[in-house]
Each structure stands twice: as C-alpha cells, then as structure tokens.
C-alpha cells in the first residue's frame with residue numbers, strides 16, 4: 001500500500017515537473033514581455049529595459065535554458081519569481097487562491113448537491129414529468145457556454161435590479177464593495193456579490209451532476225441487490241435510498257473531488273466576467289501582460305490541483321467502496 | 001464433405017442477394033424514430049443550411065460596411081440590425097457560424113480519431129506501450145489547455161485556422177482516449193478477439209478490424225459530443241481574443257463584441273448567442289439520440 | 001392433506017404485446033417442494049417474479065396468487081411489503097450481485113430481520129449470526145462483519161438463503177439457486193436448502209433448467225414451455241411416465257454421467273419459439289416428433305393423464321417414454337482400445353503462476369497464484385481428452401498456456417511435434433493453422449459487427465487462402481447450417497446455431513487439433529445435444545483430435561475418450577473415461593461424480609452423496625502435501641494419524657492404478673460411486 005502510494009506520488013511529481021516546465025518554456029518562448037515597454041511614454045531606453053527585464057528574469061536576450069534554470073531554481077526554493085510589475089508572484093497567487101476558493105466552494109456545493117438530488121429523483125421516476133423536465137433543462141444549460149450564461153446573468157441582474165428590486169441588490173462586479181462598514185453589512189454586501197457568480201457556476205454543475213447521477217442511479221436501479229432488498233420486504237423508497245442511492249453515490253462523489261480540482265483554475269470565465277480577482281482571471285491577464293512567471297506558476301498550480309483531485313477522488317472511492325478498499 | 005457444384009450454383013443464385021437489415025440501418029432506424037434525434041438532426045441540418053446557403057440571400061457580405069447605418073436595430077434592410085462599424089449582423093453572424101461549425105466538426109473528428117488510435121493501442125498492447133501513451137495522455141490532461149492555446153494564439157492569425165483546429169483537437173482527446181483504453185482492455189478479453197489472436201491475425205490488424213469497430217458506437221457518440229465541446233471551447237477562446245483572429249469572425253468574437261453592447265443594443269448579442277445555443281443543443285440531442293440508438297439498453301429505452 | 005399455502009391460478013404476465021406467461025396454475029402445500037422446469041425463455045422466472053410482485057413496471061399481471069388465502073395480485077404495496085421476506089421469500093440465481101456491495105453481510109441479514117420483527121439492532125445482529133451458523137458459514141460471528149465481495153459464490157448464496165429464512169417464511173421461491181455454482185458447491189447448497197426447509201417447514205418452489213437438480217429435490221414437477229405449463233405431476237410420473245413429447249425429449253437429450261456407451265443423444269429439433277411470435281396451435285408442434293396436423297389447430301389444454309398428472313398433448317396416450325430401468329443400459333464392456341501412435345499435444349510438468357493483485361484503485365501484489373502446478377498430459381491423434389475441474393482448478397489457465405504458443409514458465413508444451421519454447425515465426429503461424437479453438441459463449445466469440453461470411457473468411461484470409469466464398473458455403477453446410485445465411489450477422493442466429501458458426505470457423509483451415517473451451521455449457525439442454533452430436537460426427541469424419549475443457553462431467557463422459565480431472569492446479573486423476581467414471585480412484589473424483597445430480601428420481605433417492613466441506617482453498621496459498629487433503633473425506637474419516645502424515649507432508653504424483661488410469665493420491669482406491 002505504502003509502496004504503491006509512493007510510486008504514484010513520484011509519478012505525479014514527474015508529471016507536475018514536466019507540465020510546469022513545458023508551460024514555462026512555451027510561455028517564455030511565445031510571450032514577449034519586452035513589448036510591454038514599447039507603448040510607454042516616454043519610451044524607456046533599451047538598456048534600461050534590458051536591465052529591468054534581466055532583474056525579472058524575463059530578458060529574451062538571455063538564453064532560454066539559462067532563464068529556465070533560474071526560474072526552476074527559484075521554484076525549487078518555493079519562489080515563483082516576480083510579475084512583470086516587479087511584485088513577487090507568490091504573494092499575488094496566494095491572495096488570488098483565497099478569492100477563487102471563496103467563489104468556487106459555494107457554487108460547487110450548491111451545484112453538486114442539487115445536481116445529485118435532481119438526478120436521483122429523475123431516475124426514480126424515469127420518464128415522469130420531472131425526469132423529462134430536468135433532462136430538457138440540463139440539455140439546454142449544457143448548450144450555453146459560460147461566457148454567454150454569465151453575460152445573460154448580468155443582463156438579467158441589471159433588469160431585476162431595475163424592475164423588481166428597484167435598487168442595486170444583485171451586484172455584478174468584484175468580490176465586495178469598498179467602504180462598507182460593520183460586519184453585518186459586509187456579509188450582506190459579500191453575499192450580494194456572490195449570488196450571480198454562484199448561479200453561473202452552479203447551473204452548469206447541476207446539469208452535469210444530475211445527468212451523471214441519473215445514469216448511475218438507473219444502472220443501479222435494475223441491479224439484483226435492489227431486488228433482494230425489495231424481496232426482504234423493504235418498501236420501494238427504503239430500498240432506493242438505503243441500497244440504490246448509497247451505491248450510486250460512489251462514482252459521483254469521486255467526480256465531485258475531480259471537479260473541485262479542475263475548478264480551482266477553471267472558473268476563468270466566471271471570474272473574468274464578474275470581475276473577481278482570482279486565479280482564473282489572472283490566467284488571462286497574465287497572458288495579455290506577457291507575464292511569463294505568473295503563467296508558469298498558475299500552470300504548476302493547475303497541474304498540482306488536478307493531480308491532488310485525482311488522488312483525492314481515488315481515496316474517497318476507496319473510503320466509500322469496500323470492494324475497492326480491500 | 002463438399003457440396004456438389006450444382007448445389008453451390010443454386011445457393012449462389014439466391015439467398016445471398018437478400019441481405020438482412022444491416023446494423024447501420026437498424027441504428028439509423030432507431031435514431032430517426034426518436035423525436036429527440038429527429039428534432040436535433042433537423043435543427044442541425046437547418047443550421048448548416050443557414051450558415052452556408054443563408055449568405056446567398058443576404059444583400060450584404062460580412063466585410064461590407066453600411067456607412068448609413070451604425071448600431072441600427074433589425075429592419076427590412078438589415079435583418080438582424082447592424083454593429084457599431086456598420087457591419088450587417090446577419091451576414092457577420094452567418095460567417096461566424098460557418099467558421100464555428102467547420103472548426104467544431106474538424107476538431108471533433110481529429111480528436112476522436114486520435115483518441116481511438118491512442119486508446120486502442122494502449123489498451124490492446126498494455127505494458128510499455130500503455131505506460132508511455134498513458135503518460136502522455138496524463139500530461140496533456142494536467143497541462144492547462146486553455147493557457148497553452150491562449151499563449152499560442154498569435155500563431156492562428158491570418159488564415160491559419162487549420163492549425164487552430166489541430167491545437168483544439170490536441171486538447172480534446174484525452175478523456176475519450178482513457179475511456180477507449182479501458183474498453184479496449186475489456187474488448188481484448190472478449191472471445192472474438194482471442195479467437196482472432198489464436199487464429200494468427202496480426203495485432204495491428206486486430207486493433208483496426210475488431211477492437212476499434214467494436215467501439216464505434218462510443219466513438220460516434222463521442223465525436224458528436226466533441227463537436228459541441230469544440231464549438232464551446234472555440235467560443236470561449238475567441239471570446240478573449242485567443243481563438244479565431246480578426247478579420248475572421250466566429251461565434252466567440254461576435255459574442256465578445258456583442259456582450260459589450262448588449263444592454264442598449266440587444267440584437268448585437270442575442271441573435272448570435274441564440275444561434276450558438278440552438279446549434280450546440282441540436283448537436284447534443286443528436287449525440288444523445290445516437291447513444292440510445294446504438295445501445296437500446298442504455299439509460300433510455 | 002394440508003391446505004395449500006400458496007395457490008396460483010391462471011397467472012398471466014405480458015410486457016406490451018408480448019405474453020411472457022400465459023396461464024400458469026399451481027398450488028404448494030406446507031413442506032412440499034415443487035420443481036418448475038423449463039429452458040430459457042419459457043417464462044419460469046417471470047412467473048416467480050410475478051408471484052413476488054417484483055416485476056418491472058410496465059408488466060401487466062392477471063389471474064390470482066393466494067398466499068394462505070389472501071389475494072396478492074392487486075393488493076396494496078404496503079400489504080405486499082409485509083408479506084415479502086416474511087411469509088414469502090426468495091433466493092436468486094446470481095449470488096454475486098444479489099447482495100448490496102457496500103454493507104456488511106451481518107447488517108444485511110439483520111435488516112431483513114428488523115423489517116418484520118420489532119427487535120433492536122443488537123438482537124437482530126445476534127439473530128443474523130445464528131442464521132449464518134444455520135446455513136453453515138464457519139466462524140459466523142466473525143464473518144458477519146465481512147463485506148459480500150469477501151465471500152465466495154457458494155458462501156454468498158448461503159447468506160442469501162439465511163436472509164430468506166430470517167422470518168420463518170411459509171414459501172421460499174428459489175430461482176435457479178445453484179446454476180452459477182460449481183457442482184460440489186451445488187450439492188452443499190441443496191443440502192442447506194433442505195436443512196432450511198426442515199427448520200422452517202416452508203414450501204419450496206425450485207425453479208431450474210437442470211433436470212437432475214429437480215429429480216432429487218422435488219416432490220412434484222411442473223414443466224413449462226413457451227410461457228405455459230405443459231406437464232404437471234409427481235416427480236416419478238414426470239421422469240418415468242411423461243406424457244408430453246417435450247418432457248420426453250428433454251429427458252432424452254441430457255447426457256448422463258452414469259451411462260457408458262455412445263448412443264447418439266436425441267436432440268429436440270429447432271429452437272424454442274419467441275414469446276412474441278408463437279406458432280398457432282400447440283407451441284411445441286414445430287419441434288415435435290409426433291406432430292400431426294391436428295396439433296396446429298388449437299393449443300391443447302392440460303389433459304388428466306393419471307392421478308395428479310396432467311399433460312398438454314392431444315396424443316398423450318401414444319407417448320411412450322423410456323422406463324426407469326433404462327439407465328442400466330447394457331454395457332458393451334470397457335471401450336478400451338489401443339491409443340493412437342502420433343501425439344498431437346504433449347504437456348509436460350507445466351507450471352504457471354501469476355501475481356495475486358488486490359484493490360481496484362490501489363493495486364498491489366499480495367501473493368502468487370499457483371494456477372497450474374506441474375501438470376502433464378498428452379493427446380494422441382484422433383483422440384478426445386476431456387479436461388474437467390471446477391472453477392479455480394486451473395483448467396482454463398492450462399488451456400491458455402497451450403493456446404498462447406509461447407514458452408511456458410516451467411515445463412514443456414509440444415504442439416503437433418513442435419516445442420513451443422523453440423518456435424520460429426513461420427512455425428508458429430503454421431501451428432496456428434493446424435490448432436483451432438472454440439470458446440464457451442458463441443455470441444462473445446463471434447465479432448458482432450461482421451457477417452457470418454466475413455467471420456468464416458477471416459482465418460482463410462489470414463493464412464492466405466483466397467476464393468473464400470465457396471469454402472464458406474461448404475463450411476456452413478458441414479455444420480448443418482443453411483449456406484444462404486452467410487450474409488447474416490451472428491445476432492440473427494440462436495445460441496446453438498452460433499456455436500455451429502464458431503465450430504465452422506475453427507474448421508475453416510482443416511485443422512488437426514481442436515481446442516474446445518466449454519463449448520456447450522452456455523446452451524440449453526435440448527440444443528446442447530445437437531452440438532455434441534455434431535462435434536462427435538465431425539471428429540469421426542475429419543479425423544480431428546479434441547482437447548475438450550468442461551466443468552460438466554456428463555458431457556465429457558459422452559464425448560471424451562480420456563479424461564483428466566483437475567483440482568487446484570494439479571491433476572487429481574487421469575485415464576480412460578469409463579475407467580475413471582465407473583471406478584474413480586481419487587477421493588476428489590469420487591466426490592465430484594457423486595455430487596452430480598442425475599435426472600433419475602429413484603436413483604437420486606437411493607444415492608449416498610459424498611459431500612465435500614467448505615470452499616476450494618485459495619490457489620495462492622494451497623495446503624501443504626496433498627492439495628485436496630483439507631476437504632478430503634478419506635483423509636478426515638478413514639485414515640489413521642500416521643497415514644495422514646504422508647498426505648500432509650508429501651505432494652502425491654499421478655501413479656497408475658489400473659490400465660490407462662492414474663490418480664494422484666497416496667491411498668488411491670478404485671471404487672464405484674452411487
């Protein structure tokens with residue numbers, strides 16, 4: 001067991017190293033931090049630019065491998081280098097991780113719980129009105145890209161503020177408003193900011209989780225052990241909740257872990273459109289600002305979170321399923 | 001033990017000519033009997049028709065600018081209204097749709113083919129082949145696809161969209177490939193593959209003759225669903241300016257522009273968004289109906 | 001006589017337009033065992049699901065099911081829940097999937113107790129442990145904490161039985177309870193069922209396709225065909241005085257382990273009708289040897305043909321089945337004849353281990369399975385060697401080793417004169433041409449996406465023989481199929497026809513050696529006989545040699561010249577079939593033969609079974625010395641302490657015990673088994 005885990009972790013470490021290095025090399029080759037200085041007025045002299053870039057380890061006149069070595073050395077010491085603006089990447093990333101976490105966790109929990117509920121209900125009454133409705137809606141939702149959904153939500157929020165509430169209830173930009181005093185009002189303010197992004201995250205998740213749970217549940221509903229439970233004299237409802245749902249939940253829970261890992265850097269569109277300064281937003285900003293070090297740091301983080309999620313999914317699976325645990 | 005010549009001649013004359021319904025026809029039959037499949041297929045066909053035939057009926061092309069009408073709502077002159085630049089929304093939208101459909105279809109085809117080959121080889125041979133292929137698959141899963149595509153986006157400019165298709169496909173195939181690998185392992189254990197092996201059929205031939213064809217239902221369904229994810233990914237990338245590059249337009253670039261003006265000029269956003277949603281929805285419906293048609297015992301009857 | 005406890009009257013079940021059950025009536029009295037016999041698709045399982053009220057939604061049920069006088073059809077769900085598991089309980093066919101994988105076995109039984117009895121958790125668990133002990137699970141208190149996947153198939157079936165008798169039911173419905181199990185385990189489970197019945201006094205409805213199981217177990221038998229009973233009566237009436245040609249045909253098509261000589265079996269022609277397209281008149285008419293035009297006019301009712309004996313045949317008076325004495329068919333003396341000169345297959349001291357892995361997510365090696373441990377046998381030209389054994393005996397591993405044509409881990413395999421350890425590429429291809437294989441499940445062994453023509457042409461193309469159209473036709477004709485069907489797909493054929501296609505494919509290259517892996521065990525009895533006869537005649541006509549792997553000893557006795565019995569990776573006994581079957585020398589062979597139920601009620605009643613205790617030990621950790629000693633009745637009861645030491649210390653090798661008979665037992669002793 002321990003040996004197996006060690007081998008697996010080693011494999012993960014290699015994957016992370018290769019992925020992050022690849023991301024760094026691609027970013028360092030394709031992005032051009034020098035161009036950031038081109039539109040400055042007054043235009044700084046080339047020597048100054050070179051010096052500045054060298055300090056940031058971004059100078060394209062330094063050989064790529066040398067830059068890579070400097071970067072990799074830093075990463076090994078836990079230092080991801082500096083942003084194009086000269087601030088440490090570490091601080092920026094740390095702050096943004098918090099933001100992303102606060103944004104994602106509520107959406108993920110809402111989305112997966114509701115999704116599982118909807119899926120299970122739909123499966124139990126297969127072809128009933130609820131099944132048809134939920135299937136239809138999830139198809140519709142899955143066809144709407146997040147960029148469209150988020151923009152639609154913003155439009156809808158603006159309309160609702162104007163016509164339903166008569167004041168700014170649903171706030172569409174940022175995590176909180178500046179200058180709000182008092183704990184109570186701060187919480188309310190944060191919640192107001194959270195509503196729309198959470199909806200935009202969870203709607204898609206509900207659709208995905210409900211489809212998944214429905215399929216798992218349908219597989220289990222016809223299983224022999226559910227029939228055995230019924231033959232014991234359990235009512236349909238008890239047989240379904242105690243025996244079918246419990247078994248059908250296993251793959252869904254592992255899927256949950258996986259989604260969480262993917263969302264840490266995957267909430268890009270929601271963050272960007274709703275103006276949350278999280279990792280996803282930074283991903284896009286850093287490309288626009290030719291910020292090689294940030295790009296590499298986020299790539300590394302994404303790789304780590306995906307692999308951690310995969311590991312967590314397997315551990316959860318083992319915890320829930322005695323067949324796997326054995 | 002041999003039949004006489006006459007008997008053989010007789011049998012050649014009749015019998016074989018009346019072929020029973022083939023599997024493809026059976027699947028097609030089941031597919032078109034489901035309302036869902038029919039609707040999806042009809043809508044999708046309509047979308048294609050609209051994208052490729054529609055422009056012929058429009059007096060405007062996507063590069064035309066009407067300098068007498070900036071930001072005008074839909075009218076008889078401009079069916080979907082105009083943009084800030086004076087471009088005709090109808091013409092521009094159809095052009096974007098063409099690009100998105102073509103990019104989506106091609107990327108899905110390429111990625112499914114890649115997934116089939118990689119997954120089948122890894123699953124059939126196992127051992128080192130599997131280890132190497134699976135490692136590459138994992139690596140691509142771990143690399144943030146969006147980021148790489150975004151960084152490389154300058155390469156896609158000026159008519160280089162085929163390169164974009166390839167890159168898009170390169171980040172779409174991994175999950176399918178893992179599924180294919182798992183199924184290939186189980187198909188390999190199936191007795192008809194064993195029978196072929198013990199008959200002396202070479203492995204590569206077994207893969208292409210027995211393994212991949214027996215995963216065709218999965219692959220067809222997956223290719224269909226990949227069309228929608230390719231369209232969605234393309235849209236998202238282009239939304240941020242990382243995909244299709246100007247002067248070309250696609251759903252993504254149009255939605256990006258439209259969302260800025262949506263509040264006071266809804267026609268610049270809703271037509272494109274609506275068509276995109278309808279297209280993807282239709283593709284998904286077709287995919288789902290295909291899945292049922294291939295496997296009547298799955299989920300829905 | 002007691003009042004019937006369960007009375008089913010004119011039960012019909014239909015799914016949409018398809019009538020799966022068309023008027024079934026029967027009654028069982030307390031303590032009585034009713035056997036319901038039928039082939040797949042006869043509606044026997046649907047009937048029992050209907051009685052339990054556990055049909056899928058969409059099934060329409062009419063008629064009446066009365067349990068102690070209370071009507072169940074149309075009763076409210078709450079009432080049904082209170083009957084299910086209490087007065088009416090059920091044992092299912094597949095014990096592997098019948099238990100919820102995520103709960104402990106003890107808890108699942110306790111749940112069954114608590115549904116119907118107002119007792120606390122503790123009490124229920126104590127009761128569960130008692131039940132586990134009753135059904136013969138060793139160390140019940142400990143095993144109650146285990147999960148289902150930690151149990152073997154036989155043990156799981158005991159758990160299901162424990163659950164079924166938890167509330168002292170009036171009726172236990174057993175739906176093929178032993179079909180998925182090995183024959184020695186089957187004997188144990190039948191014994192447990194008898195014990196459970198004695199304990200609860202319940203009536204048992206035993207649904208099965210196996211005429212042997214019913215013969216020894218049931219008091220009365222109901223034979224079903226095409227969704228309807230076609231003959232009902234006492235067990236002796238059915239077996240010795242059947243009045244329905246179908247019953248007689250079924251009995252005639254069963255190969256019997258206690259019968260030597262090689263009269264061809266009498267298969268029933270054709271296939272069972274699909275419930276969606278029943279022929280007019282008697283549904284059996286198209287397959288019936290006694291068919292007259294009157295049969296097609298209307299479906300015959302059940303005629304009273306004797307006391308408590310009814311049959312649905314208008315010519316019942318003319319049906320003359322074989323009498324009870326027939327099993328003692330005159331033996332023509334041992335068929336010993338000189339073995340051929342040329343050997344086509346030699347296996348010498350073959351060893352195959354593979355790693356024992358545990359865990360699906362965290363795979364790790366926890367041991368080594370010694371699947372095949374120094375096995376030797378040979379097969380001569382024109383001979384059939386039957387390789388028999390229960391699951392875990394290593395017969396499939398041995399077979400795979402031969403088919404791989406690779407160098408074995410240890411030992412030597414010589415196929416058609418070539419040592420597999422020293423094969424060139426060309427030689428391997430050549431052997432692949434001369435050695436062909438037929439698998440168990442014909443549907444799985446034929447690529448569903450290829451037409452029959454392509455399937456049969458594949459070996460020809462692979463080995464560079466063009467012009468396949470004519471050869472394909474020849475092959476189809478050879479195995480008794482219509483050559484015009486070459487354009488169809490495997491799924492358009494019935495099970496028996498598919499197996500014929502698989503045989504035709506194996507014959508395409510005119511091989512010399514045919515490896516048959518359980519070729520008839522997936523087929524219904526009436527179909528199986530036809531395939532066995534075909535194999536037998538092909539062998540004679542084409543001069544083939546067969547390596548015939550099977551778990552069904554009766555089939556092997558029928559087709560094989562010599563037999564090798566395997567136990568836990570070793571050969572227990574090998575020799576000429578008649579010698580081994582009539583006078584088995586190894587205690588395992590003796591137990592195996594005695595565990596096979598015979599379709600002969602009188603003999604079943606007079607037989608004394610040698611019951612083996614427990615499960616097969618893990619091949620990863622076989623007992624020292626003789627691998628069979630942990631379950632050996634001889635070791636346990638007959639041997640003295642000194643004699644046992646030899647069994648514990650020294651692994652016995654196969655030693656001759658007669659002319660062409662050898663056994664791997666230190667105290668081998670040829671004896672007949674009942």
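Every residue, even glycine, has its Cβ placed from backbone N, Cα and C.
All TrEMBL annotations are machine predictions without curation.
Record note: among B:132-155, B:204-227, B:228-251, B:132-155 is the stretch given as transmembrane segment by TrEMBL. As stated in TrEMBL, the feature transmembrane segment covers range B:161-180 out of the listed B:81-100, B:161-180.
Within the set B:18-37, B:38-57, the record from TrEMBL flags B:38-57 under the feature transmembrane segment. Residues 36-37, 39-41, 43-44, 47, 50, 71, 73-74, 80-81, 83, 89-90, 93, 96-97, 100-101, 104, 221, 224-225, 227-228, 231-232, 235, 251, 254-255, 257-259, 261 of the same chain, all 6+ positions outside the transmembrane segment (B:267-287), place their C-beta atoms under 8 angstroms from a C-beta of that stretch. When each of the listed stretches B:101-125, B:132-155, B:161-180 is scored by C-beta pairs under 8 angstroms to the transmembrane segment (B:38-57), B:101-125 comes out highest.
With a threshold of 8 Å between CB atoms, the same-chain residues lying at least 6 positions outside the transmembrane segment (B:101-125) that come near it are 47-48, 51, 133-134, 136-137, 161-162, 164-166, 168-170, 172-174, 176-185, 187-188, 203, 206-207, 211-212, 215, 219, 222-224, 226-231, 234, 244, 250, 279, 283.
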